[in-house]
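Q: Feature list, courtesy of Swiss-Prot:
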REGION    20-39  region 'Disordered'
REGION    47-92  region 'Disordered'
COMPBIAS  63-75  compositional bias 'Basic and acidic residues'
BINDING   Cys110, Cys113, His136, Cys139  Zn(2+) 1 binding site
BINDING   Cys126, Cys128, Cys152, Cys155  Zn(2+) 2 binding site
TRANSMEM  185-205  transmembrane segment
TRANSMEM  219-239  transmembrane segment
REGION    273-301  region 'Disordered'
REGION    326-346  region 'Disordered'
Amino acid sequence: MLKSRLRMFLNELKLLVLTGGGRPRAEPQPRGGRGGGCGWAPFAGCSTRDGDGDEEEYYGSEPRARGLAGDKEPRAGPLPPPAPPLPPPGALDALSLSSSLDSGLRTPQCRICFQGPEQGELLSPCRCDGSVRCTHQPCLIRWISERGSWSCELCYFKYQVLAISTKNPLQWQAISLTVIEKVQIAAIVLGSLFLVASISWLIWSSLSPSAKWQRQDLLFQICYGMYGFMDVVCIGLIIHEGSSVYRIFKRWQAVNQQWKVLNYDKTKDIGGDAGGGTAGKSGPRNSRTGPTSGATSRPPAAQRMRTLLPQRCGYTILHLLGQLRPPDARSSSHSGREVVMRVTTV
């Protein structure tokens, strides 16, 4: 068996050597098609049948099915429709920018949930303007219940809300509390109970006729001092943790009560700035540090009087200080006082 396979292999090797050396080698053709298909004239002695002869020698003379990759001639079929011309990149950027601006101007969004009016009515509860102006009432109530503050964190305006009614006790919801908040609530409750009990006992033992023997005993007098000290400690603890517990109570109240949030009314805002509400502290800071913005609405006489008053006050104060000094010190420091007055005037 092995010998027969070796003989067959040697015979095939001899045949391959003889056929490869006796026939001229075909020139390579371009991939685009047959000889001369790319625009170049075929070489002399080069036949287009060489490739077909090789295929016939390798595959045989029987017809075979050609694959997609082996088709010599392109198949005729419907051409795809031409693609529409693309606009230049600058036009695409301008189109996207204009669409985003139009969508931002036409559809305001809630600054908490980033949803539009389809999720509910949008309110404007504070002085904030721009993209942080609107919010949904349920989103605002939920934010207040999480934060515990009824003022805007940007413009510090206190929300105008109306308490409609308290929910049914069966519908009350618990709020999320941290470990520190639970400890604060426990400290307030225990301190209040101890304070009430100790003060009640002290009042009874000091006023009741039946406790006359207790007031005369030394041990009870020591207890009076200890209870008095613990009462002071409990009062300090309640004062220290009272604000935190009150904030927790306001959070719970925001969840378990029905509210109606009112829109910001500029005419009723006494402490608001004249500009009408930019977010943050820019309004009060500008009103304090920018006198030119408010001076445009004042008459010139009032503006001049306002600028002269600080200078006259400075002169008056320096004059009084100079009169209080002794005569020798006043004469020796006359030049120094002149310098101070000039600096104040500048």
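The backbone N, Cα and C atoms fix where each Cβ goes, glycine too.
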Q: Give me the CA-CA distance between Cys139 (Zn(2+) 1 binding site) and Cys152 (Zn(2+) 2 binding site), in Å, as a whole number.
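A: The separation of the Cα atoms works out to 13 Å.
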Q: Looking only at residues six or more beyond either end of the transmembrane segment (219-239), which have a C-beta under 8 A from one in the stretch?
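A: Hits for the transmembrane segment (219-239): 187-188, 191-192, 194-195, 198-199, 201-202, 205.
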Q: Cβ-Cβ under 8 Å from Cys110 (Zn(2+) 1 binding site), same chain, 6 or more residues apart: which ones?
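A: Listed in sequence order, they are Gly116, Gln119, Leu122, Cys134, Thr135, His136, Cys139.
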Q: Which are the residues of the chain, Cys110, Cys113, His136, Cys139 excluded, whose CB is within 8 A of where the CB atoms of the Zn(2+) 1 site average out, their centroid?
A: Arg111, Ile112, Phe114, Gln115, Gln119, Gly120, Leu122, Thr135, Pro138, Leu140
Q: Around Cys113 (Zn(2+) 1 binding site), how many other C-beta atoms are within 10 angstroms of its C-beta?
A: 15
Q: Counting across all protein chains shown, how many other Cβ atoms sit within 10 Å of the Cβ of Cys139 (Zn(2+) 1 binding site)?
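A: If we count other Cβ atoms within 10 Å of Cys139 (Zn(2+) 1 binding site), we arrive at 19.
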Q: Tell me the Cβ contacts of Cys152 (Zn(2+) 2 binding site) under 8 Å, same chain only and six or more apart in sequence, or just say none.
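A: Set apart from Cys152 (Zn(2+) 2 binding site) by at least 6 residues yet with Cβ under 8 Å, we have Pro125, Cys126, Arg127, Cys128, Lys158, Tyr159.
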Q: How many other Cβ atoms are found within 10 Å of the Cβ atom of His136 (Zn(2+) 1 binding site), counting all protein chains shown?
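A: The Cβ of His136 (Zn(2+) 1 binding site) has 23 Cβ neighbours within 10 Å.
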Q: Based on DSSP, name the secondary structure state of Cys155 (Zn(2+) 2 binding site): helix, strand or coil.
A: coil
Q: Would you say which of the binding-site residues Cys126, Cys128, Cys155 has the most Cβ atoms within 10 Å of its own Cβ?
A: Cys126
Q: Between Cys155 (Zn(2+) 2 binding site) and Cys113 (Zn(2+) 1 binding site), how many Å separate their Cα atoms?
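A: Cys155 (Zn(2+) 2 binding site) to Cys113 (Zn(2+) 1 binding site), Cα-Cα distance: 19 Å.
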Q: According to DSSP, collapsed to three classes, what secondary structure does Cys139 (Zn(2+) 1 binding site) have?
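A: Note: Cys139 (Zn(2+) 1 binding site) is helical by DSSP.
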